[in-house]
Amino acid sequence: MSPEQPSGRPADAPPPSPFAGLGKKFDASLARGLGHITRRALGPHQTAVVRIGFAFTWLFYLVREFPHRHELYGPDSPWGFELAEQMISGTGAFSVLMWSDGRLWFEAVYLMAILASVGLLLGWRTRAMSVLFMLGVLSLQNRSIFMGDGGDNVIKLMAIYLVLLRCGQVWSLDARRKAAARGAVPGTDRTGIALWAAAGLALAVTTGGGMLGGWVWQLCLWGLWLVFGAWWVVERHWPGEPRLVCDVIANLVHNMGLLIVMAQVCLIYATAGWYKIQGTRWQDGTAVYYPMNLDYFTPFPELSQALTGNGVLVMIMTYGTVFIQVAFPFALLNRKVKNVLLAVMIAEHVGIAVLMGLPFFSLAMIAMDIVFLPTAFLLWLGYRTRRATAPLSRLTGRRPRTEAGPDDSTDDSPDDSPVTSAAPSAAVSAPRVTADAVPRAGTVVGAGTVTAPATRTGPTAAADGRAPGPDAA
């Protein structure tokens, strides 16, 4: 007796292919993936804290070294102007300090670097400030290349990457201005027009004087200037489909930059960990002992001696450092493990800042690590910050408010992405996520990407009697 055939299929029909429908599923998955990276800029809160972290670190460094600025990067530096000129001519590095060896020019560049750091920290004209921030970092560090350490190298890399990111969508003065300008005619920002015109004049003067050097920097700076101008023209005169295309391109560049930042973090830790494995001092578990007993790296000698006097503790710190650095890239495959290692790594950098007297290196590394913090934790942290600063806002007579987030739309479009908010006809139905919503952490590792709204936090949740907590991450 032959086995019964499934109902609805003839007895002599071939069995269904296990690959049936895979083409349609692949097409649907590809469409969802493309929509995910083009409809919105991913990780808005992560890129915002990276922006704040690196701007604060560089600003803190410039202010701290202000009394010694001439010896570090100025006319009194042991690495003289002629030596720096020879080095830069051979490497092709960029530094506006090479335009003149005058003291007044150096003071102007140093002040520009401080002001650019403040502007980027506050998120004021974030696009322009990110370019000025990059120029300030490169100019000072390339002037005295041997004055830096690992933290300075990280700041230099991230200063370049920040130019690619839309890092002023939240927690910035730009976001507040965007919220206040809802309903206004686009393209009427006089301050932005003035900054763009001044930048064009400066580029014309420096290009005509042959100060920009090779064609690479001319192409980059003039290209950025033209892109900013084209963005204003499109926003002012073609707010429909051309603006949609510009938003798609900007989102792609942002998401590519965010991926580069995350890959850079993984590369730094992976190379550091695997190189440590090859060292004999790291293999026998004593490597941490030696730098903690050098006079140059012991701001608190008693504390360092107490820690290094315990052989077991030295071995744990040595092997633990290697394990964390090697394991971190793989930990991104599991959200909970990644969050635990992030906390341990941040604590390790705090320990380096205190025990070895390297605060700027530690701040730079922490600012780099926080790109992987979950969105729910960042929203909770922002809510607590607003709660803590509420008394100050009341004293100054200003009413605390939440700035416009990247998902806020100026129309009734059902989609929350900045792309479709400019073109409602192309919108795809999606749940609205406001700045007061704590989303569930998604499966995309690295940037704390969210998938759907969960519980609300912020003033609304407080009014309902619910207090958000960091465990939502």
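Using N, Cα and C of the backbone, Cβ positions are placed for all residues, glycine too.
The compositional bias 'Acidic residues' annotation in TrEMBL covers 405-415.
Under the heading compositional bias 'Low complexity', TrEMBL lists 416-473.
Per TrEMBL, domain 'HTTM-like' is recorded for 39-377.
Residues or ranges marked as region 'Disordered' in TrEMBL: 394-473.
What TrEMBL lists as transmembrane segment is 48-64 (among others).
Residues annotated as transmembrane segment in TrEMBL: 104-124 (among others).
Beyond the transmembrane segment (193-209), the same-chain residues lying 6 or more positions past its ends with a Cβ under 8 Å from any Cβ of the stretch are 99, 125, 128, 218, 221-222, 225, 228-229, 232. Per TrEMBL, the feature transmembrane segment maps to 193-209 (among others).
Look at TrEMBL and you will find 215-234 (among others) tagged as transmembrane segment.
As annotated by TrEMBL, transmembrane segment applies to 255-275 (among others).
Residues or ranges marked as transmembrane segment by TrEMBL: 312-333 (among others).
According to TrEMBL, the transmembrane segment annotation covers 340-358 (among others).
Per TrEMBL, the feature transmembrane segment maps to 364-383 (among others).
Only residues 6 or more beyond the boundaries of the transmembrane segment (48-64), in the same chain, are considered here, and those with a CB under 8 A from a CB of the stretch are 110, 113-114, 117-118, 120-121, 123, 126, 130, 133, 136-137, 151, 155, 158-159, 162, 165, 167-172, 261, 360, 363-364, 366-368, 370-371, 373, 378. Contact between the transmembrane segment (364-383) and the transmembrane segment (255-275) holds: at least three of their C-beta pairs are under 8 Å, each pair 6 or more apart in sequence.
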